[in-house]
Amino acid sequence: MNGHSKNVNSITTDSKFCYSGSNDCSIRVWSLENGYCTSKIASHEAPVLSVAVHKGTIISGDSHGVLKSWKISTERELNTFQSHTARISTFVIDKHQRLFSGSADHTIKLWDLNDGNLKRTYKGHTDTVSHIICNTKSNRFFSSSIDHTAICWDIETGTELQKFSQHKDWVFSMLYDSNKKQLYTCSQDRMVKIWDPKSGKCIHTLFGHEYGVIKMVLHKQFLYTASWDGRIGVYNLKKPLQMPSFLEGHSGKLRCLTRYEDLLYSGGNDGQVRVWSLKTHKCKAVFKGNKKPVTSIIVPNKYVTLTCGEENEISRWPSSSVISSAKSKQAFETLALKEKQKIELKRDHSYDLGSKASEQEVKIIINGENFKVSSKLNLLEACRKVGFDIAALCYHPALGPVGTCKCCVVDVKSEGSTNYKRACACATEVWNGMDIRTDSPQVREQLMSAIADLRKKQKNRSLIMKIAGNYDKRGDLSLERYIKKGESRLQSSKYQISEKVVEDETDSMLDLLIDRVSNRFIDQTNLAIQVDHTKCIDCTRCVNVCSNLQGMDVYSTISTSVYVDSLMPSLNTKGEFLSETMCISCGQCSLYCPSGAITEIDHTEKLEVIMKTKKKLVIVGIAPSARLSLAEIFKLTPGSLTTGQCAHLLRLLGFNRVFDVQFTADLTIMEEGTELLHRIDDPNSILPMFTSCCPGWVNLVEKQYQNIIPHLSSCRSPQQMFGSIIKNYYAKKINIDPKDIFCVTVMPCTAKKKELLREQFRNPETGLRDVDLCLTVREVGRMVAKRGIEFSELEDREFDNPLGFSTGSAHLFAGSGGVMEAAVRSAYWLKFGEDFPALQYNAVRGLKGIKEAVLDFDGRQLRLAVVSGGKNIHKFLETWGTSSFNYDFIEIMACPGGCIGGGGQPRSNLDIVPIRLKSVYQREQKMTSRSSHDNPYVKKLYQDWLKKPYGEKAMMYLHTTYAPFKFKSNLIKEVKKHEEINKGLTSKNSFLILYGSQTGTAEKAAEKVADITRSKKKKIRIMEMNEYGPPINLKNEKFVVFVTSTFWDGAFPENATKFWEDLKNLQPMSLTKLKYCVFGLGSSTYTRFNNAARQIDGKLKELGANEIIEIGLSDREDKNGYLTTLNPWLKEFERTIKKVKKRRVWKK
């Protein structure tokens, strides 16, 4: 059950639902019946560590020592229990509605669950309370602690009745046997002790384990203990002096132990859950789906088993009835796999197909009207759902809220409240009883102000473009000549709007002009996509997509507030032409850009000129996924397959021959399948083999993963095979000179535009390119609109042959896993001469970012992997070059979901991508021929021309080579130089600056801090927080500057989240020698203003660090943005570091 964005810490259940608490500060409610998330409660300001359910109420405790209670039926917050000064470690509720909470502040507190009042505090432990057990019959309770003791308390008086203190290390857990009236405690000292609660005497000590005992289960005459030695001890309590027997099978520490009926469940660091029979003490089943340690197991009923661990999801496993019906482990694993596959189809993933979670509705009021909407929607989506079209430029449902454009501001208030509060609709979740005003005078005034700001930016950026535009079209970038001309023009009367900038900010304007030289307003150097800075509206979508979706970090933002009238565009490629960055031309930024600042380079005018001359035979081929998405441009149902209408449309647009690129997709599979077999059979060949049909992926390899180049398949992409066949085979077949053919493709991809320009795809004899021009789906849509063609009225037409017939395998190329599935089908046929047993290979289907499978191939286990999306690629390749990276064949697509999510597709929300893929699978099943080797025209092509797959002629026309990308600038050298500089510095000879930045603004602020430090001739290290390593290393530092933004309403930037999670776990007073200062960037429009900086500052003080400069908290809403606060803070910082002596980093 996937929905949390960070690790799940605790789960609990009632008869119908599962409740989970997570490090993302939220609680989610899940249906036990189908695994759907029914609602989300997000009101904690810190990670939720514990969750419990009691009589229709949810109780949760967080790492700041706060407990809250919620009414399940209404999700309304009932009470806040706030008195602890450190994290909640454990709590329990008794039948009298009393809440007992234990904390890392060493105390236990008693609360009235009904009114939230604190009734009593119990003090006696000297360290964190680990466990609490209530025994209401005798009006007493027990508590244990990592101070090596357990205590029996009188509930009413708060006095200690007995103290059990014979353990030599942490006491992890307790059990109370109400029949024998005995207390059991287990400890890290490897012992289990049995106590008489009345006298406090130890009755028995149970030995046997090699490491600490953490959990216990009592069943009949046996005590079962889970230990860090990876074993379960079985003690016969009738013979307590006898050594235990052990249940073995786990390969790491045990973390949890629970019982359901006659089954015992154990989980540990090996990620396994083992199920043991309490009758036979034998293992009946093993769950192997978890990749990280299992820390909690819940078995709420006989139908389902739930587990969670150090990851952001809850695993939902088959029922105990399945376990009971299995005759052996092997039989169970088969049943469990089938059962889990059924469950997987129901899980609420944003990329899963055909699944929608059951959603709880809430009542809201919009402009006086009552509505019911899903609780899963944010306020912007909810308003749009019921017909209130709120403006928003920076928001996209796939990227989450940003809140920079301020166009979606509304007034909101809670039920019973009298005052409205201003809020960004995109960043506000709906709640029951919410009252919203979208038409108040204040809201309208805010909207008009936001629009006016955008217009001012557009006007002034256009002015700068006139000055700096295409000053030297030959590419001569002489700084002196450029600055001189730009400066003189700015000072002329024609540009009076910028006079103040020249007078007051001369140095800044020079910096601006220099920056513009290396980062032009209209950058077309990429050859696939272009960036027009004059149209940028500061929405930061491109930054979020490039960093958070694709993991490329090409774009960043520049603060505009220092410049009068916001002259400088916010979009920046870090001082390089786009072609000189790590950009792979995937075009995802162009797919999400709302203003047209980033688009594909348009080639429609060039094509129309060629068509008008009528001197060339204009041939077109359309890609598999393009025919799926083209219908969306014309407002047809998403996923509508319009193959016949597309063929008709392309003829109406003026193409002389209309072919299908799916034909060469079949051809690609024949070549790639044969190449795979050659590599498998040749012991000297290079494995694993990566697919090469995605140009974005090839660009990434040539730029960033150059040691993978030998592993790439030598096969050309279907587009380039199409062009080669047209110019070298079809031209001869119809007796026409290849020079008189103009070959065009329609693709879902922007990178294809750049791919066709590779020198490897130019005929060395004629000098002709195989493909002359590539259009995206959006470009075709613009051509159709210009011609005024009614697409929905077009009749179906057939593609021209011989390149018009294709199979189901070629159709699968549209989605992630399609190339793999098609290759497996034909490779199997090529090897054994018979069709693959199961044509539908589900293991590689779907939209999951990383998929793995193992295929039995004539006794050899072929290890397969399918990856889509840039960020998933980086994650997948983290283990590249290690022994754990053990695959034979890998399909990789740069865009999420593959070509159906390509950068040249129509702009839409992410919900359409699963619909497109579902349509792919439905169409493929209906095709008469489903395997590439069954294509009769492909067979004839080999018979007449190519002779055989992977043969001499095929290698000449259908295969290619790759080479490392050569950067013309010093980008790579500068990166390496920066790494070397940081590498040579240590905590003893340098300052350290750590930053967390979501959009690049905080990084810029950190650089300003670095500039001040360098000016004082101090050595510095500057890096992202996540790059630093374990925060415990801060104890070796002398002076650290922390600079962080707060993303959305209180969230940490992604490049700082891991650092923060680790920092929170440090023990108090562990950084007493550290001297530090903190600067935060945020927006006062959010309730948790500068939360990230405040949290870091508070935690450092708790750790004993010494604050040298008072925390700086900047507000983006100030007139000069964050610089209003940063500039005076930097002056104080500069005065402070003057005290640093040459041989000492700091002197008091």
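One is the number of the first residue shown, and numbering goes on along the chain from there.
For all residues, glycine too, the Cβ spot is worked out from N, Cα and C.
On a predicted model such as this, the values are computed, not experimentally measured, just so you know.
Listed in TrEMBL:
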type	residues	note
REPEAT	1-40	repeat 'WD'
REPEAT	41-80	repeat 'WD'
REPEAT	81-121	repeat 'WD'
REPEAT	122-163	repeat 'WD'
REPEAT	164-205	repeat 'WD'
REPEAT	247-286	repeat 'WD'
DOMAIN	360-442	domain '2Fe-2S ferredoxin-type'
DOMAIN	527-557	domain '4Fe-4S ferredoxin-type'
DOMAIN	574-603	domain '4Fe-4S ferredoxin-type'
DOMAIN	991-1134	domain 'Flavodoxin-like'
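Same-chain residues lying 6 or more positions outside the repeat 'WD' (247-286) and placing a CB less than 8 Å from one of its CB atoms are 211, 214-217, 219, 222, 224-232, 234, 292-299, 302, 305, 307, 309, 317, 320, 323, 326, 329, 332-333, 336. With helix defined as DSSP H, G or I and strand as E or B, the repeat 'WD' (1-40) counts 0 helix, 22 strand, 18 coil. Among the listed stretches 360-442, 527-557, 991-1134, the one sharing the most Cβ pairs under 8 Å with the domain '4Fe-4S ferredoxin-type' (574-603) is 527-557. For the repeat 'WD' (164-205), the number of residues in each DSSP class (helix H, G, I; strand E, B; coil) is 0 helix, 22 strand, 20 coil. Summarised as a single figure, the pLDDT of the repeat 'WD' (1-40) averages 80. DSSP states for the repeat 'WD' (122-163), grouped as helix (H, G, I), strand (E, B) and coil, give 3 helix, 24 strand, 15 coil. Distant neighbours of the repeat 'WD' (122-163): 86, 89-92, 94-96, 98, 100, 102-104, 106-110, 169-176, 178, 183, 185, 187, 189, 195, 197-200; these residues of the same chain sit at least 6 beyond its ends, with a Cβ under 8 Å from one of its Cβ atoms.
For the repeat 'WD' (81-121), DSSP puts the residue distribution at 0 helix, 24 strand, 17 coil. Across the domain '2Fe-2S ferredoxin-type' (360-442), DSSP assigns 12 helix, 29 strand, 42 coil.
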